[in-house]
Amino acid sequence: MVIYTSKKSASFFLRKHRKWPYSPYKARWHRIFNQQQAMQSLKQSALKPPQEESLNKSHLLSSLIHSFSIYNVEPTAKAFDYIFKTLVKTSQFHHIPSVLDHLEKVENFEPPESTFAYLIEVYGRTNKTHEAIELFYRIPKFRCVPSVYSLNTLISVLCRNSKGLKLVPEILLKSQVMNIRVEESTFQVLITALCRIRKVGFAIEILNCMVNDGFTVNAEICSLLLSCLCEQKDATKLEVMGFLEQLRKLGFFPGMFDYSNVIRFLVKGKMGLDALHVLNHMKSDRIKPDIFCYTMVLHGVIEDRDYLKADELFDELLVFGLVPDAYTYNVYINGLCKQNNFEAGIKMVASMEELGCKPNSITYNMLVKQLCKAGELSKAGELVREMGLKGVGLDMQTYRIMIDGLANNGKIVEACGLFEEALDKGLCTQSLTFDEIICGLCHRDLSCKALELLEKMIGKNVSPGARVWKALLLSSGFKLGCVETKLFSLVDSCVETKLCSLVDSNQTRLSSESVAVEQ
């Protein structure tokens, strides 16, 4: 059966259901293509130097208008972002207001809030706080709805100094009029900025406001606040431990980093037993302390002279499988030295080597110093020789310890020998110890040896103190002749050396100034 339809009904069907092709000039892809071509033209013109740049209008803005008008398309937000970033990169900040005026009064599209947040950040970096605040209030005029994003950017800018910090309450009040709802991120920005400028008290008050308003406290913010409070010089134990307990009530669980900060604060404040209590609390929270925590607590306990606890701590860290480093051994050996248990300290050095931890100069210097104080000069000398055999270089501290020990025990000649050795190695500088040696030689009627040593000092550019000259003059009064003549020649040599150094420094300064003037 064949059904015939009229010609009129068929054309009506086609008109109703057929998808007629659009003109290519009205297609979306064509508009995007033209915008891309306009952007390429804008970037090329931006590379060229301006021919006749107006005082009130940016060359880049003129290029933008010209480039997009050629392709018969409207400027885009991406184009304006390019202009702003180029002006900032080339330090043409004076052209930004004219571009903003054009964007507000001429264009019709809605620019993204990120554009204004970027400019607020730029104004903050260049100390243009007033311009940053004005731009924030002006955002609605650009057909853009401001949000907490731009508010947080402005607050972070203002909190960089105390002057801008005073403006924050006013900004928060006016932001409510602008229908911007303060969120959790705003409090986090405030707390982070306040911690950065060491205003921890204000940051804790902001945290309390955050809790009272029903916001969730971020663990990262709690950790930051605790760390900054521990770094405060005037912070007390009650403040730090009380704040830690307050954070626990808010649901904060301290980690390794947080416990380390609290332990460091307590040890620095000579509260070693309190640091030990925190270490035990740390273990009860099922957090295994690392060797750094144990070393800090060990140091604090030794400073409190609780040597029994120190031994227990050292044994405990070994049981936990922790490997002590050189600093840990040095702390423990220092505790043994304070107990005058030198034999145990020397055995501990041997144990270090067996466990693959090489003793350093600090390790040996501690033992040598305590042995010298106890009058065990022979054992101290053996340790010094052991240092040389094991490749641990003798530093200035080692020589000073040995020279002090020999001089205090009346062995001036031996101290003089070490002093000459330090001079030969170029380790010597002026100090009371070396002056004491020369004075000691003069008192023992060894003026000739003192003069030889003094001559060597001057040859190494080491200036003796006033006591040395006085002692030499007094000793030369008993034996006039060659001693006195040599003494005055050394004085002349020393004065001449100092004058030459002064002349050289002045000539260097004058030559640099003349070069600067010529440039």
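All positions are counted from 1 along the displayed chain.
Cβ coordinates come from backbone N, Cα and C, glycine included.
What you are looking at is a predicted structure, and each value in this text was computed from that prediction instead of being measured.
Features as listed in TrEMBL:
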type	residues	note
REPEAT	112-146	repeat 'PPR'
REPEAT	183-217	repeat 'PPR'
REPEAT	290-324	repeat 'PPR'
REPEAT	325-359	repeat 'PPR'
REPEAT	360-394	repeat 'PPR'
REPEAT	395-429	repeat 'PPR'
REPEAT	430-464	repeat 'PPR'
How about long-range neighbours of the repeat 'PPR' (360-394): same chain, 6 or more residues beyond its ends, C-beta under 8 Å?
326, 329-330, 333-334, 337-338, 340, 342, 345-346, 349, 352, 401-402, 404-406, 408-409, 411
Give the residue counts of the repeat 'PPR' (112-146) per reduced DSSP state, in the order helix, strand, coil.
27 helix, 0 strand, 8 coil
Taking residues 6+ outside the repeat 'PPR' (325-359), which of them lie with a CB under 8 Å of any CB in it?
291, 294-295, 298-299, 302, 305, 307, 310, 314, 317, 366-367, 369-371, 374, 376, 379, 383, 390, 392
Spatial neighbours of the repeat 'PPR' (112-146) far in sequence, C-beta under 8 Å, 6+ residues away:
77, 80-81, 84-85, 88, 93, 96, 100, 103-104, 153-154, 156-158, 160, 163-164, 167, 171, 174, 178, 180
Secondary structure content, the repeat 'PPR' (290-324) (per DSSP, counts of residues):
26 helix, 0 strand, 9 coil
Quick one: mean pLDDT on the repeat 'PPR' (112-146)?
94
